[in-house]
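**Q** Swiss-Prot feature annotations, pasted as is:
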type: SIGNAL; residues: 1-20; note: signal peptide
type: CARBOHYD; residues: 104; note: N-linked glycosylation site
type: REPEAT; residues: 117-141; note: repeat 'LRR 2'
type: REPEAT; residues: 143-166; note: repeat 'LRR 3'
type: REPEAT; residues: 168-190; note: repeat 'LRR 4'
type: CARBOHYD; residues: 173; note: N-linked glycosylation site
type: REPEAT; residues: 191-214; note: repeat 'LRR 5'
type: REPEAT; residues: 215-238; note: repeat 'LRR 6'
type: REPEAT; residues: 240-261; note: repeat 'LRR 7'
type: REPEAT; residues: 263-286; note: repeat 'LRR 8'
type: REPEAT; residues: 312-334; note: repeat 'LRR 10'
type: CARBOHYD; residues: 317; note: N-linked glycosylation site
type: REPEAT; residues: 335-358; note: repeat 'LRR 11'
type: CARBOHYD; residues: 370; note: N-linked glycosylation site
type: REPEAT; residues: 400-423; note: repeat 'LRR 13'
type: REPEAT; residues: 425-447; note: repeat 'LRR 14'
type: CARBOHYD; residues: 470; note: N-linked glycosylation site
type: REPEAT; residues: 496-519; note: repeat 'LRR 17'
type: CARBOHYD; residues: 526; note: N-linked glycosylation site
type: CARBOHYD; residues: 562; note: N-linked glycosylation site
type: CARBOHYD; residues: 578; note: N-linked glycosylation site
type: TRANSMEM; residues: 604-624; note: transmembrane segment
type: TOPO_DOM; residues: 625-964; note: topological domain 'Cytoplasmic'
type: DOMAIN; residues: 678-951; note: domain 'Protein kinase'
type: BINDING; residues: 684, 685, 686, 687, 688, 689, 690, 691, 692, 706; note: ATP binding site
């Protein structure tokens, strides 16, 4: 019996340790599972949390003590969790760190959290949607707490006075909530605090004097509250302070001189208060300062000369005060300045020349020579709303890092320096409301990062420089109230990001470029009080433009001003290219005749009659000959005959042999009947939509005429003319220009500019001796130019459908121009069978979706054709080549070579190795990406342009490549 009792005791004592370990482990698992049940986990970040697990130590976001296996840390930052913080956490008795920041948690914070979890040292619940108030006893047992962040929530009420119990607290962040009332005095007894952030709340009352107790404080942020009264001088006792932000309160009085004791302070922000007095000279003793912001206060007097002692200063903001006098020359000593803002004061004197000089001499030299200075690192310079005079120094171009230049509302004179074009990072230039004169320098286009250009209310004259087209990021262009002359440059339409344009109150003349209607982001457009005339562009912002935006231009017409435009008919064909056509009386007026009638003598009339008789005879004989030959000989040329006089100018006649010819330029048209023939001897080539002939107009000016062979499919005359006129408005440096068109019911012609360089196909595959003269740089520029053109077409909602090397033409200087664009718009419906039959000559270029009726045809079919073209240009091979017993598809061949690491072997051997291999291989990879079988996997053409620019200029500078 006794032995059995001893055995039982030993057994219980042996099992007891095991039983003592099991329940706590189960408590941790149970607590976390209960906590998870209150959450929504859209990204399945808590999928590893399994209630059947013996221990949670391997769960995502959970960390345990290595010896006891108890949960000590729970870190679920940024898990996209939503729901509430449930009671399950209270089971984690050994938890040291709880971090749930950057989620979408809502509800209240459990008032017993800190009471139950007495081992907590770090609590971070910031950046959630927690609400409610904290009860007074919330902090009653927080002696172990070292870090507490409840920032960026929706907490309200007063900060509990029990905060004083957190005797070990080193960092307290309650910012960006709705806490109100005064700051509890208990905070100022936490002498372990290193960081205190109560900013962006609704705290009120005076700044406590007991701040001197926080002698370990390094960072203090009480900004954006309602604090009032003076800044206590006791703040100088916190000698370890490095950052102080008391901005956006209602603090008053002068700066306490104890600030100068804060030798470690590198950031002092007191902006947007009611502080007054002079900026003290002792400010120069705070030599560690990198940021000094006293803006939007009531400071007066001059900027102290001691400011030059702050050699580490990076940001100096004294804006919005009542400072007077000139800018001290010692400021030039602050060679590390990145931002200088003195706007909104009453500073006077000439604009210091040292501001715009990249000098290196010290202040002693500056006192004798104001032409040098040292703030060459400056990024933002704002001296606006002062009374500075003088000129902007030419040394402005030395400030290569400048991003914002604000000199508006001063009394500056002289020209805008041409060196403005050297500021490649400049995004804002505002020199408005001054007395600047001269012209807008054409070098302005060199500031390629410009987003905002404000030059209004000056005395500027001359033209708006077309080089402004290079500022492709420009959003705001304000040039009003100047003396600008000339016309509005059509290049403005290339600034596709423009949102605001104001050219009012100038001397501009001419018509408005129609392309401005394509600016999709434009919401403000003002051209009032100029000398502009003609019809307003149709579409875009111009459909809802306010009449006041165009007032003061008597010649403007259109629906906006409720004034119809005079119907000026197309000019008829005349033999004298120097003559003009009077649209009001239908007469041809020779040069120098003005509006006078020409009186013909009798001998002249006889001569004209005789000539007319001869012409009639010749025509009669010609007609007879043609009738005889018509049955046996096919025509070798198609004569173009036109209705004469007023009939031509209005509409085609009912005679099928008469037609309507319109030249968009308005210039006189065909010079002789012979040149108006589509002679087969002058045929340049044939495609799916018709043949192309070369002919001459306007005293030997060559053009290319495409005779459409889809007459049975072409739309009606009205639809045809409407679509062709849209195509005629397209303008791009890499687009073949459409000069005009000709229409009859049986014959339709499109008249293009003639390009002497021939097609890319001939340059690649039909060069004499098989030796193409295209260098690698030529080929890269052709690829880039083609890409930019297609991007422009897609931006204009036009799909090419037929991109291939024979449709890429070269001008005399080798620049590529894309032709045959928009022809599919002339078909009555974009039927894929019709399209595929018309572009069947583009074998190898056709995107695979043409063969699948369930896939929508988009601009990605052009991307596919472009990709094939890229590979063709780089390799010099045709898209499809037929061998004796095989067919080689270029895309497949190159893709296989790339996978085998032999991409460089595909490059055209005619280049003889004279090309950068890495660049060529990168271009090949782009071509293969563009030829993806899945349309959505192909890039947009705009993306392709950017990729090409990055390939050529990896550093990010694409100046040498131009802009689209």
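Cβ atoms are placed via backbone N, Cα and C, with glycine included.
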**Q** What does the structure give for the C-alpha distance between residue 526 (N-linked glycosylation site) and residue 686 (ATP binding site)? Integer Å is fine.
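**A** On Cα coordinates alone, these residues lie 47 Å apart.
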**Q** What residues in the same chain, six or more past the boundaries of the repeat 'LRR 5' (191-214), come closer than 8 Å to it by Cβ-Cβ distance?
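**A** Same-chain residues near the repeat 'LRR 5' (191-214) but 6 or more away: 151, 159, 167-183, 185, 220-232, 234-235, 237-238, 245-246, 251.
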**Q** A 10 Å Cβ contact count, applied to the glycosylation sites 173, 317, 526, 562: which residue has the minimum?
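**A** 562, out of the glycosylation sites 173, 317, 526, 562, has the fewest neighbouring Cβ atoms within 10 Å.
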**Q** Specify the count of other C-beta atoms within 10 Å of the C-beta of residue 470 (N-linked glycosylation site).
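**A** I get 21 for this one.
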**Q** If I take the alpha carbons of residue 686 (ATP binding site) and residue 104 (N-linked glycosylation site), what is the distance between them in whole Å?
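**A** Per the Cα atoms, residue 686 (ATP binding site) and residue 104 (N-linked glycosylation site) stand 64 Å apart.
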**Q** So which residues does the repeat 'LRR 17' (496-519) touch in its own chain, when a touch means Cβ under 8 Å and the partner is 6 or more beyond its ends?
**A** 456, 464, 472-490, 525-542, 552, 729, 731, 795-796
**Q** What subset of the binding-site residues 684, 690, 692 lies within 10 angstroms of residue 470 (N-linked glycosylation site), using C-alpha positions?
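**A** Among 684, 690, 692, not one has a Cα sitting within 10 Å of that of residue 470 (N-linked glycosylation site).
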**Q** According to DSSP, how is the repeat 'LRR 2' (117-141) divided among helix, strand and coil residues?
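**A** Here the numbers are 0 helix, 8 strand, 17 coil.
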**Q** Counting only residues 6+ away from its ends, which parts of the chain sit with a Cβ under 8 Å from the repeat 'LRR 14' (425-447)?
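**A** Apart from its flanks, the repeat 'LRR 14' (425-447) reaches 379, 384, 392, 400-419, 453-471, 473, 478-479, 484.
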**Q** Around the Cβ of residue 684 (ATP binding site), how many other Cβ atoms lie within 10 Å? Please give the count over every shown protein chain.
**A** 16
**Q** In the same chain, who gets a Cβ under 8 Å from the repeat 'LRR 10' (312-334) while lying at least 6 residues past its ends?
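**A** Contacts of the repeat 'LRR 10' (312-334) (Cβ under 8 Å, skipping residues fewer than 6 from its ends): 266, 271, 279, 287-306, 340-349, 352, 354, 359, 362-363, 366-367, 370, 372-375, 382-383.
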**Q** Measuring Cα to Cα, how far is residue 317 (N-linked glycosylation site) from residue 692 (ATP binding site) in Å?
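**A** Pair distance, Cα basis, whole Å: 67 Å.
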**Q** How far is it from residue 562 (N-linked glycosylation site) to residue 104 (N-linked glycosylation site), counting Cα to Cα, in Å?
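**A** Cα-Cα, rounded: 55 Å.
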**Q** In the three-state scheme derived from DSSP, which category covers residue 686 (ATP binding site)?
**A** strand
**Q** Between residue 692 (ATP binding site) and residue 104 (N-linked glycosylation site), find the distance joining the two CA atoms and give it rounded to the nearest Å.
**A** 65
**Q** Can you count the other CB atoms that lie within 10 A of the CB of residue 686 (ATP binding site)?
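**A** Result for residue 686 (ATP binding site): 14 other Cβ atoms within 10 Å.
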**Q** With DSSP as the yardstick, break the repeat 'LRR 14' (425-447) down into helix, strand and coil residue counts.
**A** 5 helix, 6 strand, 12 coil
**Q** I need the CA-to-CA distance for residue 104 (N-linked glycosylation site) versus residue 173 (N-linked glycosylation site), whole Å please.
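**A** Their Cα atoms are separated by 19 Å.
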